[in-house]
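*Asks:* Submitted below is the structure of interest, expressed as structure tokens.
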2 protein chains.
Amino acid sequence: MTDGARDRADELDRGDPLAGFRDEFLPSGDVLAYLDGNSLGRPPRAAAERLAAFVADEWAGRLIRGWTDGWLDWPQTLGDRLGRAVLGAAAGQVVVADSTTVLLYKLARAAVDARPGRTRIVLDTDNFPTDRYVLAGVAAERGLHLDWIETDPAEGIRPEQVAAAVGPDTALVSFSHVAYRSGWIADAAAITRIAHDAGALTLWDLSHSGGSVEVALDDWGADLAAGCTYKYLNGGPGAPAYAYVRAGLDVRQPIRGWLGTAEPFAMGPEHVPAPGARALISGTPPILGMVPLAASLDLIERAGIAAIRAKSLRLTGYALDLADAWLAPLGVTVAGPRDDARRGGHLMLRRPGFERVLAPLYERGVIPDYRRPDGIRVGLSPLSTSFREVHDGLAALRDLLARTPA
Amino acid sequence: MTDGARDRADELDRGDPLAGFRDEFLPSGDVLAYLDGNSLGRPPRAAAERLAAFVADEWAGRLIRGWTDGWLDWPQTLGDRLGRAVLGAAAGQVVVADSTTVLLYKLARAAVDARPGRTRIVLDTDNFPTDRYVLAGVAAERGLHLDWIETDPAEGIRPEQVAAAVGPDTALVSFSHVAYRSGWIADAAAITRIAHDAGALTLWDLSHSGGSVEVALDDWGADLAAGCTYKYLNGGPGAPAYAYVRAGLDVRQPIRGWLGTAEPFAMGPEHVPAPGARALISGTPPILGMVPLAASLDLIERAGIAAIRAKSLRLTGYALDLADAWLAPLGVTVAGPRDDARRGGHLMLRRPGFERVLAPLYERGVIPDYRRPDGIRVGLSPLSTSFREVHDGLAALRDLLARTPA
């Protein structure tokens, strides 16, 4: 069966219009199948070249002059590129800065402070720990109440759950667009309408969607969003994050540095916030850390997010086929959506005993993501992952599971 | 006069035990004299090599495994190296993370929350804008009062001013160790004693001291500190910052991410902070952005901070001699301390009309730092700056000023 299946994988690779992009990423010597692009994306080849050129030509070559030559604008110019290519956001609403956690904190604080008198935040039990911790922390310090929606861990947040949770006291609703465990894509447009009907603001975590599924912040009418750039956006370990603030929404975030002011070099006595999304900037922007992201955006812009999403669906669809054929008989369940409309860029597979196959999988060069207690996430980064990799990775998993009691 | 003076510069370079370190930094084609190492340090040669190796061997080579191979510990291992080599801090008290602004915010919030019932923050009018904005923002959101000390902009904060400002309601005193304008070194040990006698905590901004003057956080008995790594620590534009929390001081900072918890991979319902300085971490650490700092720390550890400080004093002393001989007759004043004990790594020169010589100075490859309305800062990074550079830079300034009416 394996040989025929491998032929099919190769056929899918031959028919893949984005196949050529795989060569744009650096190889990993001992890796047969990288199934964790949703945790850390591979490096674009150009990232290494860009970093070397940046150090020699810009940092060494321009020294302090680099700031006025352009670095000061990078958070916005890269943000605008992200907005256009990935987030469905017109210019002026996105900045690259800080980490996702810090930006979520700033945005959550800005949101609840922009809805004075409202006392509740709606969130869900299955959001990523950082999101839950940040929102709980903001609620605690501002004296607000948390309304927890119990989500099905194999699915995700549904509009009707949000409709039942919001009310006239809701200041903010905040969810992940793609659930980090199940891969469920929330209906962000519907949820945003429901939040707005209640007079609340929305804050979306796009970490698991940006670069793999289509995001349409402007069309959704979203208020605030943040996400990381080291997953499907291939920005590198700990690369800076991004944040979106809807045009016209007046935000006042709490971490006030000189570079988020309207006129930084005035260095005046008061912090006068810059207009728009630039007000989200606090300290000196992490310029060097943005260099690989610029290289990755070149690739994403060239491929186009619609083609990336189409390949993502083909990859996860193929992985579903193999899971059904090979893994289900071994006790594996797919703990996530099957439907194209709700299926993000990764699959969650569950089976007791997964922990025991992790080390031998790694030894064979198959790298998925393990989630306690019994989950393996298969994250398929569209530009850098081949169907052959999916085949080889799941075949190795099948062979190991066949020898591992549940 | 120039020729004899240049001979003297060359003689000083020949006698400089750290002269060899200049070759450890990448050259800048068109730069004759870089006098702004206190704004952005030059790149260590090894930074480019390390970045290339990091991308190929660690990011591409290890992929997600890099986190458990070591990246997760980088904030603390680099922090410990900084603590030992630069900050006078024993292990376990320093982390590398975020930006200086974000860390100042976290530390200021942690400090005032650790002194409940106390209602005042003591700060000074001449601190860097970000420090003032952050402290004013924290005071506003926590309902605290600011006690402003009026500092002499040509000097800095004095212990007797602090003694007069603190009282039983003081929660926090916060200053820069080296003043960003005058270069004045505050007597941090004395000020810390005064703060502690009043029951207040101290928060030091070390951005202009770390890597150029001796810092002794443990000996001072300091509570909290933060600083940047892109000035004298040569970490690159927007490199991550560092923060210090005294061992035993229980801090609870407001930005709660999963990587600052005691057990990140438990992903539990509550944010349980990690012990010690690791509790300051919020989101995913900026690993790639730390790579040049590691290369720079190799150089600093090799040279030793005592030798670096000794050279810094020789460089600024030499620049003072030239300013007195060449620039004072042209109306330039030294707006900072002359005394070795109070003189940091940069000099502030003032003269009306400086703005007009800036462009021609740049054209000649002489790069100082301009500060409105009439200041030029001469920042002399000890490991990368030659006496010849100081000579050539100030000679160019002299020649231009001679033709430029005040």
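Each Cβ is built from the backbone N, Cα and C atoms, and glycine gets one as well.
Quick paste of what TrEMBL says about this protein:
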BINDING   B:T100, B:T101, B:F128, B:P129, B:T130, B:D131, B:D205, B:H208, B:Y230, B:W258, B:T284  pyridoxal 5'-phosphate binding site
MOD_RES   B:K231  N6-(pyridoxal phosphate)lysine
*Asks:* If you draw a 10 Å sphere on the Cβ of B:K231 (N6-(pyridoxal phosphate)lysine), how many other Cβ atoms land inside?
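*Replies:* Excluding its own Cβ, B:K231 (N6-(pyridoxal phosphate)lysine) sees 27 Cβ atoms within 10 Å.
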*Asks:* If proximity means a C-beta under 8 angstroms from chain A, which of B:T130, B:D205, B:K231 count? These are the recorded positions.
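*Replies:* Answer, by Cβ distance to chain A: B:T130.
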*Asks:* To which of the binding-site residues B:T100, B:T130, B:T284 does the lowest count of other Cβ atoms within 10 Å belong?
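*Replies:* Each of the binding-site residues B:T100, B:T130, B:T284 was scored; lowest Cβ tally within 10 Å is B:T284.
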*Asks:* Reported as an integer number of Å, what is the Cα distance between B:D205 (pyridoxal 5'-phosphate binding site) and the residue listed as 'N6-(pyridoxal phosphate)lysine'?
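*Replies:* B:D205 (pyridoxal 5'-phosphate binding site) to the residue listed as 'N6-(pyridoxal phosphate)lysine', Cα-Cα distance: 13 Å.
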*Asks:* Judged by the number of other CB atoms within 10 angstroms, which among B:F128, B:Y230 is the least packed of the binding-site residues?
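*Replies:* Each of the binding-site residues B:F128, B:Y230 was scored; lowest Cβ tally within 10 Å is B:F128.
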*Asks:* Over all shown protein chains, what is the count of other CB atoms within 10 A of the CB belonging to B:D205 (pyridoxal 5'-phosphate binding site)?
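*Replies:* So the number of other Cβ atoms within 10 Å of B:D205 (pyridoxal 5'-phosphate binding site) is 27.
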*Asks:* Any idea what DSSP makes of B:Y230 (pyridoxal 5'-phosphate binding site), helix, strand or coil?
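*Replies:* The three-state answer is coil.
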*Asks:* Look up B:D205 (pyridoxal 5'-phosphate binding site) in the DSSP assignment and report helix, strand or coil.
*Replies:* strand
*Asks:* Rounded to the nearest Å, what's the C-alpha distance separating B:F128 (pyridoxal 5'-phosphate binding site) and B:K231 (N6-(pyridoxal phosphate)lysine)? Just drop the number here, would you?
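*Replies:* A Cα-Cα distance of 14 Å.
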